[in-house]
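Enquirer: Annotated active site, proton donor per TrEMBL: A:194, in sequence order. Positions annotated as NADP(+) binding site by TrEMBL: A:14, A:15, A:16, A:17, A:18, A:19, A:20, A:21. Here TrEMBL flags A:94 as NADPH binding site. The L-homoserine binding site annotation in TrEMBL covers A:179. Under the heading domain 'ACT', TrEMBL lists A:331-404.
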């Protein structure tokens, strides 16, 4: 450890696959910003893979060890050794934590170091932090999650297209949403490991993978989904962990959800977790499932947390230029005279102001008509001046009505 | 401060209105659980209201000050004094932080104490913690929020019933979702204060309430909502904070959302925040808006955080009984002979096993028919044994298909 150099923070990276590589790049890209936030610049002191790197050397040079090897060994040995050496550990390893969590957490507790693992469950969704920190004082009654993106993608495709399970799985494999061997995902075992981790945190109970009953989606038929729709239900692979009297039930199973359930509308490769408690009612966290860059982002958040003292205040804010004129898509509602050529005149004004129409609905009302349109994104000032010009046309009655329109800008990771 | 009594943690409570009272009760109810988590038992050392309590006495006896007075003064003076005295501060005060945030945060930074304020924005939704901790290393591009439950309730009611703004507002007032004087909410000013706080954190930029352009929902007509539906849009009061070139735009305005936007389906008195970043794509956090108990729960989470060192490991987990037989509602799919009396025989088996039918769809297919039903919640073992008995009936072909059904269990706060 370069204790003489307080301005740097050494990160040892174990594993350099998809997530490891993405994390390495992201750390370099964000190092300056992290330095501004924490006062120390994080840098990768060494990378351990099967063919390169020396674990003890990397350990000696690092303050936090990031374990992205996956699986039980050698990850378990490295993690325990890092803890023993007084290093914080950040890991995305759901197998390790769901099968050897007791050992790892106990070691960290004794040594007084942090073990953070946001990326082990539900990718970038901050379920771990919210359950273990925001809700550290809460009585949690139940956690429901869609914690496997592959199965949610397959079920969504079956519902959308009427495809069979085999067809939808093949499509998911072609698009990179499912592995060549999808057994861990489709059997529910991957979700079971994640639910064991969530249950342990939510209920402070000794729950391991072996305690979770799980079923997968392999036997779901298009018929089930079609009937479900008829009954107003949607089908998801649900992980649930809940208190039952003085015990706990932790399970993974395909389930139909009523349309008003917060997880019912979580589609495609997205993940989501709903936490229920009498005092909070329910909180739902949703976002893309684990892609390389999303998982890397969760790992980075954890690394930054190991760099900060508890509740560290952010640095002084920077002054910033406030922008008032922004591009939006707009809805425009006009009352107009119902006679030929009106739409053409309005379209002409919009066109001269470089406002482009996306959709339009016209409806007669006796002498008057209503013209309702949505325009493509345009600078607000430009649109307002076009509308002012339209308002002066003799065919326009009353004041034009304008409302902004927001389009969804992001797609699920990997979607084309 | 009772430094001789490490097992207790003194909390000074300023304000004892709806949220203050709820927090006081919740803290007492959860004190043992918090002690198990943190090693110290939190207790209220004193309550300051307009008519009782002495601030300096309370301050002297407390380790964390909880400010739930609201408004600028005297809250500002007390908060600054508490920081100066080296106490952590937890507050739900959006006015104070959106107008005097610089002063408060700078004081906390200098004195090395925590100021936590999850409850100031979007009630129980952990937007503050997720932005300032989970995403401390992330480049955030944009934050969109539905951060005012009153206006979201009014707009949802207008869409659901076709009511005018005035009618929907009156209904919200009757149900306790809107104040007698709803101006702060319906004008967008409440949401603007919250967006100023979120923008400051998301972009580490000096943003105050005076920098936020806001419009309210007072001029929205049923016509707008009806046309929007025709165009496939839903109407929400949106707070937005986003990077525009080298500046920021922070605004509140009514906006139409396309159906695939994560905020489009957030209805009623719920709040939600979507955070966009290239590395995370987007995360959405949703939950009930600020009711007394929800806000109190967010305050308690913050208080617990002031009690814990950074990344404190949870205590050793307790052993727990795992329950395998759980009550569920079930979907049952049967292929049966298409002849009279079949449904009666099946219903008889279910009835004898105390399984009660909620809905049923029967459809003929030549000689065979399909019978699809959903039953009310019942212990799984009881249902499985009824199904085994049904499978043995001569009128049943092939294997019965069983899938669990999950109903939404919680209502928005205050809903009847």
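Using the three backbone atoms N, Cα and C, a Cβ is placed for every residue, glycine included.
Thinking about packing and proximity, how do these listed features fit into the structure?
Expert: Non-local neighbourhood of residue A:194 (active site, proton donor): A:94, A:98, A:120, A:121, A:122, A:145, A:147, A:148, A:239, each in the same chain, at least six residues away, with C-beta under 8 Å from its C-beta.
The C-beta environment of residue A:18 (NADP(+) binding site), restricted to residues of the same chain at least 6 apart in sequence and closer than 8 Å, consists of A:292.
Following the DSSP three-state reduction, the secondary structure of residue A:94 (NADPH binding site) is helix.
Taken residue by residue with DSSP, residue A:179 (L-homoserine binding site) is part of neither helix nor strand, so it is coil. Sequence-distant neighbours of residue A:179 (L-homoserine binding site): residues of the same chain at least 6 apart with a C-beta under 8 Å from its C-beta are A:150, A:173, A:185.
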Enquirer: At a 10 Å cut-off from the C-beta of residue A:21 (NADP(+) binding site), count the other C-beta atoms across all protein chains.
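Expert: By my count, 17.
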Enquirer: Between A:15, A:17, A:20, which of the binding-site residues has its C-beta surrounded by the fewest other C-beta atoms within 10 Å?
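Expert: Looking at the binding-site residues A:15, A:17, A:20, the Cβ with the fewest others within 10 Å is that of A:17.
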Enquirer: Could you please provide the mean pLDDT value for the domain 'ACT' (A:331-404)?
Expert: 92
Enquirer: Same-chain residues six or more away whose CB lies under 8 A from the CB of residue A:14 (NADP(+) binding site)?
Expert: A:20, A:47, A:48, A:55, A:58, A:65, A:66, A:67, A:68, A:69, A:75, A:78
Enquirer: Using DSSP, would you call residue A:14 (NADP(+) binding site) helix, strand or coil?
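Expert: The residue in question, residue A:14 (NADP(+) binding site), is strand (DSSP, three-state).
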Enquirer: Got a sec? Which of these binding-site residues, A:16, A:94, has the most Cβ atoms within 10 Å?
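Expert: Counting Cβ neighbours within 10 Å, the top one is A:94.
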Enquirer: Using the recorded NADP(+) site (A:14, A:15, A:16, A:17, A:18, A:19, A:20, A:21) as reference, state which further residues of the same chain have their Cβ within 8 Å of the centre of those residues' Cβ atoms, listed in sequence order.
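Expert: Near the NADP(+) site, the remaining chain residues are A:13, A:22, A:23, A:24, A:49, A:68, A:69.
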Enquirer: Under 8 Å Cβ-Cβ from residue A:19 (NADP(+) binding site), six or more apart in the same chain: what's there?
Expert: A:68, A:92, A:119, A:290, A:292, A:295, A:296, A:299
